Amino acid sequence: MMGKRQNLIFRARGNASGQIRYSVPEEMKQGSLIGNVAHDLGLDAQRLRSGRARIVTRQSIQYTELKTDKGILVVNERIDREKLCGDVTPCSFSFEVILENPMELHRITVEITDINDNSPTFRNADIKFEISESVAVGSRFLLDTAEDADVGDNGLQKYILSPNEIFDLKQHSSPDGRKYAEMILLKPLDRETEPRLSLKLIAVDGGNPLRSGTVNVHVTVLDANDNPPIFNKPFYRATVSENAVKGTLITTVNASDADVGSNGLVTYRFAKMTPEIADIFKLDEVSGSITLKGQIDYEKEKKYELTIEAVDQGGLTDSNKVLIEVTDINDNAPVINVMSFSSPVPENSPLGTTVAIINVIDADSDQNGQITCAIDQVLPFKIKSTITNYYALLTDSYLDREVISEYNITVRASDFGLPSLSNMTILRLKISDVNDNNPLFKETSYVAQIMENNSPGTSIFSVMAHDRDWNQNARVSYFLEETRINGNPSSAYVSINSETGVIYAVRSFDYEQIKQLEFVVRAQDGGSPPLSSNVTV
């Protein structure tokens, strides 16, 4: 089944960029088609092959594969939405496709939709209550919550309590949307008549077909204690910085009990606490203070929801929620990744030529994770933002290899945190030569003398021209231009070494017949096309 897609393509001078979004269900088989990338980007498969198209991803698992021969994107690894995103929705991951010659950068986002492949489950097989027979009608008893890894309609929807005449079920939703339930006492308990009750609590999701999980509820009826503890707030909220040290006081919960003596003595405990969270927070059972026990990291977990129970000596309880929000500090510097870099570049490159594509990411959030990218020095280049977290290094003025043949470009990425954190990378860019300089003679004209009756082949003198270009473009050769002397071609009187510029007499000269020779020498470089200049001798 091909994924649904929506795409946005845009092109800018010097490079091309685009974005495509596909939507596919989780658990698709390996090789399943996600989308026709070539068609959706307006490209053909030949362009993908010639541009050496490749996927760049920050995921440790390569969930997708680009079939460049067909221009399609397929599933490469099993995608488990719950493993990939947990309870975050919508769930998606993004990666980039880079092509070369010319450079193009495209972002592809794949949204993973949920299927109902998980049943609601309870952590324990049994829930046990010890309740005094004197507890008031209307008293509430918090039940263990079920966990369902699915989301939306496939997630946990409701609880059902087995039919009975003693307890009713009331369902609630916490601030983050989680559903939990309480048993409400409908009529007074009588230990002498019924000392124990056994019920079943069923958690049901909304998938098609429905999935459910069950836990046994055991109630033991006690004597005497007839007032439960009551928290002084309906809900507790606290914040803690991610760099807080162990032992930091986060908040204190408090519950009071109208009873006296041992029945009014309240202690506190965590309810439904996972081992991971138990390693992070500590609850003082007497004072109700919650302190930091382990280390927290905003980039890993932004908030924690704890359930606290207040218990008196008769077994009566009240429960409350504590939402602890972690605040971010600027503890991550931007990370620079050079995704593509072209060196050397010709000195006649037009303005706006893309030299490099750079990816910069910062694990922090808000302004601590906002990035600016710039060049440290004043150079003929500029940084331009393309798509999120990507920057292009472009030429900003004309280059001249004869003036500067190599640049060390320092690219610095800085965040907006206080204090700001930054990182840098140095790109060593070489400028390649083009044939843009003529050979130049040292003199505007040359004058030389030779005694008559010379021997043929005598060296008269030499000319020399210099070319500021490089390599073949600077290799100078010398030639006689076709001029005439006394009606004869100049080559009948002199010759020139094409490599050294040395001029030789072809014949013996007679002063009484010819007193002066004037001819033109051409210096020509090895460029394509060649450039030249002339001088009179």
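Note: Cβ is positioned from N, Cα and C throughout, glycine not excepted.
For 16-122 (among others), the entry in TrEMBL reads domain 'Cadherin'.
TrEMBL lists 123-231 (among others) with the feature domain 'Cadherin'.
Positions annotated as domain 'Cadherin' by TrEMBL: 232-336 (among others). Across the domain 'Cadherin' (232-336), DSSP assigns 8 helix, 48 strand, 49 coil.
Remark: secondary structure over the domain 'Cadherin' (337-441) totals 4 helix, 54 strand, 47 coil, with classes taken from DSSP. Annotated domain 'Cadherin' per TrEMBL: 337-441 (among others), in sequence order.
Positions annotated as domain 'Cadherin' by TrEMBL: 442-537 (among others).
Secondary structure of the domain 'Cadherin' (16-122), assigned with DSSP and counted as helix (H, G, I), strand (E, B) and coil, comes to 15 helix, 45 strand, 47 coil. For the domain 'Cadherin' (442-537), the DSSP counts in helix, strand and coil order read 7 helix, 32 strand, 57 coil.
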